[in-house]
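Sequence annotations record features per position, and here Swiss-Prot assigns domain 'Urease' to 137-575 based on sequence analysis. Annotated Ni(2+) 1 binding site per Swiss-Prot: 142, 144, 225, 368, in sequence order, evidence recorded as sequence analysis. Annotation source Swiss-Prot lists Ni(2+) 2 binding site at 225, 254, 280, citing sequence analysis. Annotation source Swiss-Prot lists N6-carboxylysine at 225. Per Swiss-Prot, substrate binding site is recorded for 227. Positions annotated as active site, proton donor by Swiss-Prot, on the basis of sequence analysis: 328.
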């Protein structure tokens, strides 16, 4: 039997079992754990498109028409992709049917090839995945919807689902992720029809009586946001959680930095063990000062942090005071406002935040877009943090010297499956699994986490790097991100979801509001616990010294040095 060298094989068909791939210019290396394209019986039955290649009539392409069944041809096939997801790092072909993932396995022509579970036919489009890493579309669960231009920026970074609140550049939206009231909720859902992005909105949860909160759930919010700027008192926390339990929606909390209405113990007590997403479980983003990190040790708090402090660098502290003053409508001329800002920014807790992510104690990663966070840097900063932690802390337990698969799965889960589980949308998005919405992001390994090559929404290309449209080929430089056909017309509204509450779906708000996007209801928001956070369920006993701000997890002091240089930076960007 003819053979081919490993390097030549990888260059032609992509890496296979045992091959390793470096992620961008980081110190992170992943290794292929399994190769589903070998189901035909081994090497030699790979499919590839192009002149003189396999996917031709009667060869790798069958005569079968497209259809809904497993023996029918799929609408699109991604060949020889390297999938990086929370469940594994595998080589596979991916079959897409309609807006969903139909199969992950071996593609080809079952009439002439053995072991085929993805049928290629005359009606099948091909995307060459050889040499590319494919991840699930990212989920940013902390969005201030301040301007619609955020959505294009996020999509170009590999984010395909944005959850948050706001109504545009209103003063309330600058500071809080709330879309308050039925009229504003309806208008934001109407606006969502214009964007190739899955969108869901939080209502305002700050109330001591339930009527106005129920009204927002019925109008279509996927959750309620408690924010200190509206008054996150124990009474408001209790009321909000009670309404959320009735409607099976999530609660997100930004707790009381000033400790005016209670301390962290009072907030924990007010929850009575009920689940909520703890936004700003971090070193400088807000919440009870200085010990909000204590909620990392509570089973009913689903912790996330935002990207401006991640990872901790020599520049982190300098930018934060001014940034905070702007975002929270503070005045540097007022001593109390300045003291408020400075109380939130603590180098010791910022340093601990990096380590808590690496330990899997902080479960999710988000942006806090234009409100002390950068909407296009969720994926980027997540992997920069993983790199920094490997350099400073070494290998994670369970990872051998050869690769960092365990760390890679932990970090990819922070912006994919875990926010999906926490917010009740994991039945639709958050991972590359059969039956889920086909939101896929394609990366050249050298640009992984920095600049995706292609972004698919609902099985159709919505954004891609593209050169001069008047050129004779599609690749002349300079290239930049441009919306593709999946971002226009009916393809846009078929390819993306608007998430709403179960009550809103039952009352047919889509018809009432005149919506065109398909609606999907969030579910199982109230039963999820920290233990359900994939690869990020560590529940340490937390201590934060109120005088020194030192942080300990299970007695271990958490401290690290700020980075003086990072990968995924000036090598890739002019500005």
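Backbone N, Cα and C define each Cβ position, glycine as well.
Where Swiss-Prot records a feature, it is marked here on the structure.
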{"residue": "142", "record": "Ni(2+) 1 binding site", "Cβ contacts under 8 Å, 6 or more apart": "163, 164, 177, 252, 279, 304, 306, 366, 367, 368, 369, 373"}
{"residue": "144", "record": "Ni(2+) 1 binding site", "Cβ contacts under 8 Å, 6 or more apart": "164, 165, 166, 173, 174, 175, 176, 177, 368, 369, 370, 371"}
{"residue": "225", "record": "Ni(2+) 1 binding site", "Cβ contacts under 8 Å, 6 or more apart": "165, 176, 177, 178, 202, 203, 204, 205, 251, 252, 253, 254"}
{"residue": "227", "record": "substrate binding site", "Cβ contacts under 8 Å, 6 or more apart": "175, 176, 177, 178, 204, 206, 253, 254"}
{"residue": "280", "record": "Ni(2+) 2 binding site", "Cβ contacts under 8 Å, 6 or more apart": "254, 255, 286, 287, 292, 305, 306, 368"}
8 Å Cβ shell about 225, 254, 280 centroid, Ni(2+) 2 site members excluded: 142, 176, 177, 226, 227, 228, 252, 253, 255, 279, 286, 287
Overall pLDDT for the domain 'Urease' (137-575), taken as the rounded mean: 95
Binding-site residues listed as 254, 368, least Cβ neighbours within 10 Å: 254
Additional residues surrounding Ni(2+) 1, by Cβ distance to the 142, 144, 225, 368 centre under 8 Å: 143, 164, 165, 176, 177, 252, 254, 279, 306, 366, 367, 369, 371, 373
Mapped DSSP class for residue 280 (Ni(2+) 2 binding site), helix or strand or coil: coil
